[in-house]
Amino acid sequence: MIIAIDGPAASGKGTLARRLAQHFNLPHLDTGLLYRATARALLVSGGDLQNHAEATAAARGLDVASLEAANLRSDEIGQAASIVAAIPDVRAALKDLQRRFAGTPGGAVLDGRDIGTVICPDADVKIFVTASLQARAARRAAELQGRGEPGDLAVVQEEIRQRDERDANRPVAPFRAAADATFLDTTDLDIEAAFEAALAIVDNRIRKLAS
């Protein structure tokens, strides 16, 4: 069983993906970390985030161990990742890696921004997780503050808005929901309520596939 979870920044998709993977005992891949690790490699080496050749080389040479880097989830890396993710050759370089993971015997859970549309268009379950811009900004600001990083709400909200715009307008694999995805709005849901709602979506899909 392949479960594809897509959604914008701070919608809660990563948390839901991890919980579902644990529940169904499936491997989980946060595909956003691939782009974050690519961006981090460029920043560390002094490369240019908008140089297509440099970014593509970083993606092709990605070391899976780098996905464990402590600062991958920083806001700076997140913004940089959104820039390299708009480069077609970077997406192509990382696509095969993601598809190989999705082909894990028994299934897998992947979350990102183009899982249900590009990486796993035939996924058994597709969930598009969303939330209001204000709710997502509040969550991200709280997350940053919890790590001791600057988390000014207005700044965070504008950064998320800009990232949404970049992702939606990139030339390759623009961010959008799959036509057959089930929407889950987490604006007014806590983690447990969101998980229960996601679990209900998956269970319902399993029943339909079995019938």
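Residue numbering: from 1, along the chain as shown.
Just so you know, glycine gets a Cβ as well, placed from its N, Cα and C.
Per Swiss-Prot, the features are:
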- GLY7, PRO8, ALA9, ALA10, SER11, GLY12, LYS13, GLY14, THR15: ATP binding site (BINDING)
- 153-172: region 'Disordered' (REGION)
- 158-169: compositional bias 'Basic and acidic residues' (COMPBIAS)
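Sequence features, as recorded in Swiss-Prot, placed on the structure.
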{"residue": "GLY7", "record": "ATP binding site", "Cβ contacts under 8 Å, 6 or more apart": "LYS13, ASP111, ARG113, PHE128, VAL129, THR130"}
{"residue": "ALA9", "record": "ATP binding site", "Cβ contacts under 8 Å, 6 or more apart": "GLY78, ARG136, ARG140, ILE160, ARG163, ASP164"}
{"residue": "SER11", "record": "ATP binding site", "Cβ contacts under 8 Å, 6 or more apart": "VAL129, THR130, ALA131, ARG136, THR186"}
{"residue": "THR15", "record": "ATP binding site", "Cβ contacts under 8 Å, 6 or more apart": "ILE191, ALA194, PHE195"}
Quiz item: Neighbourhood of the ATP site (GLY7, PRO8, ALA9, ALA10, SER11, GLY12, LYS13, GLY14, THR15): other residues with Cβ within 8 Å of the Cβ centroid, in order?
Solution: LEU16, ASP111, VAL129, ALA131, ARG136, THR186
Quiz item: Tell me, how many other CB atoms lie within 10 A of the CB of LYS13 (ATP binding site), whichever protein chain they belong to?
Solution: 28
Quiz item: Can you tell me how the residues of the compositional bias 'Basic and acidic residues' (158-169) break down into helix, strand and coil by DSSP?
Solution: 12 helix, 0 strand, 0 coil
Self-check item: Three-state secondary structure, LYS13 (ATP binding site) (per DSSP)
Solution: helix
